[in-house]
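Taken from Swiss-Prot, the feature compositional bias 'Basic and acidic residues' applies to 64-79. Annotation source Swiss-Prot lists disulfide bond at CYS93-CYS108, CYS100-CYS114, CYS107-CYS125, CYS111-CYS132, CYS116-CYS123. Residues annotated as domain 'Agouti' in Swiss-Prot: 93-132. Annotation comment: Swiss-Prot describes ASN39 as N-linked glycosylation site. Annotation source Swiss-Prot lists region 'Disordered' at 61-93. Annotation comment: Swiss-Prot describes 1-22 as signal peptide.
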Amino acid sequence: MDVTRLLLATLLVFLCFFAAYSHLPPEEKLRDDRSLRSNSSVNLLDLPSVSIVALNKKSKKISRKEAEKKRSSKKEASKQKVARPRTPLSVPCVSTRGSCKPPAPACCHPCASCQCRFFRSACSCRVLNVNC
């Protein structure tokens, strides 16, 4: 009785392994170098060829010029943004990320609030809701 159960269990394991292994397509099966060399079904001529094209000096210069134009336009755009001076606020208030310990005035940003940490020893104005 024990021999029969052992034989049936072995047969069941073999059938499960065979069923799982047979569902793999032939390309995904594991192969070593020897089987690849001996197998004639894998033909290297069937693979698409790769063409390598060298860039000439003119195309390199054009791409460099384009890159320089992009860099200069980015620098000009950043200079234009920085050139705008901010109007000073006449109301006494604390800027964002500035220290706002309790005797200090309120935060300048309407959506900012004063948050304190470490038992109110370090306080700063922070914007909690970006979409405010």
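Cβ atoms here come from the backbone N, Cα and C positions, even for glycine.
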Inter-residue Cα distance where the pair is CYS123 (disulfide bond) and CYS100 (disulfide bond), in Å: 5
CYS108 (disulfide bond) - helix vs strand vs coil (DSSP): coil
PLDDT averaged over every residue in the domain 'Agouti' (93-132): 82
Proximal residue to CYS114 (disulfide bond) among disulfide-bonded residues CYS93, CYS107, CYS108, CYS123, CYS125 (C-alpha distance): CYS125
CYS116 (disulfide bond) as reference: those disulfide-bonded residues from CYS93, CYS107, CYS125 with C-alpha within 10 Å of it: CYS125
Site of maximum Cβ density within 10 Å, from disulfide-bonded residues CYS108, CYS111, CYS114, CYS125, CYS132: CYS125
Cα separation, CYS93 (disulfide bond) to CYS111 (disulfide bond) (Å, whole number): 13
Helix-strand-coil residue split for the domain 'Agouti' (93-132), DSSP-based: 0 helix, 15 strand, 25 coil
Composition by DSSP (helix, strand, coil) of residues within the compositional bias 'Basic and acidic residues' (64-79): 16 helix, 0 strand, 0 coil
Cα-to-Cα gap, CYS123 (disulfide bond) vs CYS107 (disulfide bond), nearest whole Å: 11
Densest Cβ neighbourhood among CYS93, CYS107, CYS116 (disulfide-bonded residues), 10 Å radius: CYS107
Which of CYS100, CYS123, the listed disulfide-bonded residues, has fewest other Cβ atoms within 10 Å: CYS123
